[in-house]
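These come from TrEMBL:
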DOMAIN    B:440-555  domain 'STAS'
TRANSMEM  B:51-67  transmembrane segment
TRANSMEM  B:74-93  transmembrane segment
TRANSMEM  B:99-118  transmembrane segment
TRANSMEM  B:125-148  transmembrane segment
TRANSMEM  B:176-196  transmembrane segment
TRANSMEM  B:208-230  transmembrane segment
TRANSMEM  B:250-270  transmembrane segment
TRANSMEM  B:291-310  transmembrane segment
TRANSMEM  B:322-343  transmembrane segment
TRANSMEM  B:350-368  transmembrane segment
TRANSMEM  B:388-416  transmembrane segment
Protein chains: 2
Amino acid sequence: MKLKSFFPIMDWLPQYTGDQFKGDISAGLTVGVMLIPQGMAYAMLAGLPPIYGLYASTLPLILYAILGTSRQLAVGPVAMVSLLTASSVGMLAETGSGSYIALAISLALIVGLIQFFLGTFRLGFLVNFLSHPVISGFTSAAALIIGISQLKHLLGVNIGRSHHIHEILLEAIEKIASVNIPTLLIGLGGIALIIAVRKFNRSIPGSLLAVVFGILVSWGFGLTESGVKIVGEVPKGLPSFGIPTFSMDMLGTLLPIALTISLVSFMESIAVAKAVQAKHKNYKVIPNQELIALGAANIGGAFFQSYPVTGGFSRTAVNDQAGARTGMASIISAVLIILTLLFLTPLFYYLPNAILAAVIMVAVFGLIDYKEPIHLWHTDRGDFWMLIVTFVATLSLGIEQGIGIGVILSLAMMIFRSTRPHMVELGEVPGAKVYRNLDRFTDLKKRDDILIVRFDAQLYFANINFFQERMSELIRAKGEHLKAIIINAESIGYMDSSAMHALEEFVKKYKARNIKIFFTGVIGPVRDALNRAHLLDEIGKDRLFMTVQQAVDVIDGEGAPNALNGRLENYTLQTNK
Amino acid sequence: MKLKSFFPIMDWLPQYTGDQFKGDISAGLTVGVMLIPQGMAYAMLAGLPPIYGLYASTLPLILYAILGTSRQLAVGPVAMVSLLTASSVGMLAETGSGSYIALAISLALIVGLIQFFLGTFRLGFLVNFLSHPVISGFTSAAALIIGISQLKHLLGVNIGRSHHIHEILLEAIEKIASVNIPTLLIGLGGIALIIAVRKFNRSIPGSLLAVVFGILVSWGFGLTESGVKIVGEVPKGLPSFGIPTFSMDMLGTLLPIALTISLVSFMESIAVAKAVQAKHKNYKVIPNQELIALGAANIGGAFFQSYPVTGGFSRTAVNDQAGARTGMASIISAVLIILTLLFLTPLFYYLPNAILAAVIMVAVFGLIDYKEPIHLWHTDRGDFWMLIVTFVATLSLGIEQGIGIGVILSLAMMIFRSTRPHMVELGEVPGAKVYRNLDRFTDLKKRDDILIVRFDAQLYFANINFFQERMSELIRAKGEHLKAIIINAESIGYMDSSAMHALEEFVKKYKARNIKIFFTGVIGPVRDALNRAHLLDEIGKDRLFMTVQQAVDVIDGEGAPNALNGRLENYTLQTNK
């Protein structure tokens, strides 16, 4: 029991069946075959020699299989995290240099430690602060940046590193004359091949075919002579053990992005893990355990030359479709990569960089989501602008700034919105003993002597002033005849101490003016709070009712004699003080 | 009309009556008489020569009378703002030096510009983010710091400037032997006098009596010989015109505290203005116009040697009690101070600093609120800790840090709380067709085939995961018999686009599992949002009901034939798309 919760592999390994193995071997091999080109491509995107993408596809997969709660999640290098790695490590060292590689590996350790820490202390909920529009805007912008960053490999020209898309595009146009035609043709061929194969049959590994095509063409026609850049010497053998090191200075620089990577990669991972789990239902994805598993995968990987990894969208989908039943599929993928490292690396000598660029471009352009902004424009203008701001900020200011601004802005908007919640005057639906918003319906019965108000939010320090001011307006509008105020508190989910103070003042003020205050539908936690603050006594226990109608009846004297029976007193007043 | 809203003085000046003048003259003189000692004392607290407290009690009062919407608010130097001035300007210049004075005046200009800006752009609502516990903790701590900072004047010993109370107290104890006994006696005499007079009759200006007592004693007994520190030469005449100047460097240092002063002083001002207005009801306090008026008072004052001012608690209360009817009272107070500056300053030569310290100490110790933490301990433990943290942070880290931490913490707690809102399963109150929380009542009717859930908060990106997970738990707990889920949405005041996406997924998922999903009591704005997102169609318009009972009846087939008539379809489905 205890052991199982630390090592979810114990959930399935002891009952492992041949049937499960049949699914796992097919899925594991399929994903492994996908991983070879993708791993190399994403390593290139991260600014690392391609071999590091294969290194990152070994131990982390096995560690995740042992510790992860998802049985189909395919861990390894992914585009977004590779880009984030390049953008942070690129600030500290020259791309591809020895210290660059060392830093990328240290980054994996830091990311792993952060994720492990977040998981252990059950802080996985932090990822909830990434709202849908922010994720959408951020992902589209990052995909665009990633795609455009591969232009130089596709065109075979030298373009300076930049985070500004327009600069890259301008430079590409300036250098249009020096484009290496064979490189471009190979790249476009790769793209066409991947897309065509995908259209034809999703279970054929198009990117591997593109790799084979690229190698054959560049080797067969001797295209390196014509200036086609190739991967070149790929060292044979497994990643060696090494202790990642970094200075405190570097830690300071790496920490913000490590935190971004931790959360973004967790988010990508948990989203796809949950989506796949929803289909299977024979196990449960536990977010904080997922953080621990991803953390362990990154920490362990960092000691064997791996850069940051996470669970990826596309490979997980393939893994699931190809029949993965347990984490054994991941272990099989890892074994395939290990065999590749041991025996097959010489084959990649002639692999053109343009093919890896093609693999990346096809993968990320699918992430650009143009439908969501259109959808939001029609349904939620605020969230539309949130998406646009995040998108523009990510493109113009940078990856982690973009997501940071998105998160802060969406929280700020949420707070701001809560300061001016929906608050309406109610009237009676004729003959129905039900009360609805007077502004929405024209046929409601409105009375001069009773003000019925509904406040649709928690009542707390940031909106208590709004409540008081709106209340004063409504009361002023009623004029002289007003003898009672009914506050329909159904939708007040919480009240803090600032609200209690203001409410006490409010009740006293209108008591003094001989206007009766009633509360209806007060929910349990709020009743408790009112009681603890002794406000229930100030209001008067005979002023609380289950429904608006009961309060109206009492005001009218109709329910007077045994009103307190009719209103289910126990239910209306009960509190767990 | 237009003119009146810019110059609220036009509201009352054209109809000014002799009757009003009678009240105003009495109140204006009383407050003016209070202002003389208080102004000098608070200037000393701000680290300025006492005369600057009088300068700050001239033009700003008149400007406020013209532009302010409160008719009783008494503007001028106050303790809290004086302390904040000392703590910020003290970082940039030596207390009492020429550049110190120049900076304090520049600070008034910056504060004024910020307030004017906030008012013009209707940002006065920002002050709502100061919750009651934060204000209470902050005020108590600041009062303690202010009071203790005056110890050196009361004891007549030299104590180094420090924000750390324990350091000041330790130094005071170390130097107990060198206490100047005549100074201490005068100071304690002053405190006793002010308290005694206040107990006896609140309308007698006790602090002025203390001033007279101090001057007479120190002059009469020649106590300067015995080491009693006195105010000394006070320059005669009105403040002169001068353009405040400051460098960009200084602006950077002053800006954070200027923002704090702007908001804290506005908060103090608006709170007392509203409290007094509530008694009068013949005018309306408009928060953003108040910001403009205070801003103008500070800007105008800065050109005539005034340091930051605001509307003060105690003098406003006195002003009101003494019969102030309009802003004319403030103008009269200002005229009294002007006359004092022209003719009476020589009288203050022998005024002991200990008396000014006594005035300050009596004023601020009343602000220390020990009842609120006790009250919160019993009623709201979260807010109790908020108060304590703000109190401790203000004492240990500093004035503006304390309030900053308080605000950020209370917003963070609010956000955090909203990620795990109250969400409960409901059961039927026997025979009452009403549904309540199953965890609170033991006699409710619970069914295996229907899950009824109430979610007591807005449904948005930060809690949508919580909603889904809790929902899955509740559904799992129901087991095989579950055929319908009723979501009582009465208390969901808002849904964002992330919630829509998740809800769509949720509805589709359970549709596929043949479990019917019903929504009841959906409020207008949420209906609109559901409709815009086309989710109303996905849910099905026949799945929305006014009450839980109606949905249950339909599930049971009881309401089936004409269920749609019984549920007031127009009211249930109406949206303002």
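Placement of Cβ uses the backbone N, Cα and C atoms for every residue, glycine included.
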Is the transmembrane segment (B:74-93) in contact with the transmembrane segment (B:388-416), using three or more Cβ pairs under 8 angstroms as the rule and ignoring pairs under 6 apart in sequence?
yes
Is the transmembrane segment (B:208-230) in contact with the transmembrane segment (B:250-270), using at least 3 Cβ pairs under 8 Å (sequence separation of 6 or more) as the test?
no
Cβ-based contact of the transmembrane segment (B:74-93) with the transmembrane segment (B:176-196), 3 or more pairs under 8 Å:
no
Please compute the mean pLDDT of the model over the domain 'STAS' (B:440-555).
91
Kindly say whether the transmembrane segment (B:322-343) and the transmembrane segment (B:51-67) touch, using the definition of 3 or more Cβ pairs under 8 Å where each pair is 6 or more positions apart.
yes
Among B:176-196, B:208-230, B:291-310, B:350-368, point out the range having the most Cβ pairs under 8 angstroms from the transmembrane segment (B:125-148).
B:350-368
So, by DSSP, how many helix, strand and coil residues make up the domain 'STAS' (B:440-555)?
56 helix, 21 strand, 39 coil
Run the contact check on the transmembrane segment (B:51-67) against the transmembrane segment (B:291-310): 3 or more C-beta pairs under 8 Å, excluding pairs closer than 6 in sequence.
yes
Would the transmembrane segment (B:176-196) and the transmembrane segment (B:291-310) count as touching if the test is at least 3 Cβ pairs under 8 Å, pairs 6 or more apart?
no
State the residues, same chain only, that lie 6 or more residues beyond the ends of the transmembrane segment (B:350-368) and have a CB under 8 A from a CB inside it; answer 'none' if no residue qualifies.
37-38, 40-42, 44-45, 50, 79, 139-140, 142-144, 146-147, 150-151, 153-154, 156, 183-184, 186-188, 190-191, 194-195, 198, 207, 210-211, 213-215, 217-219, 223-224, 228-231, 314
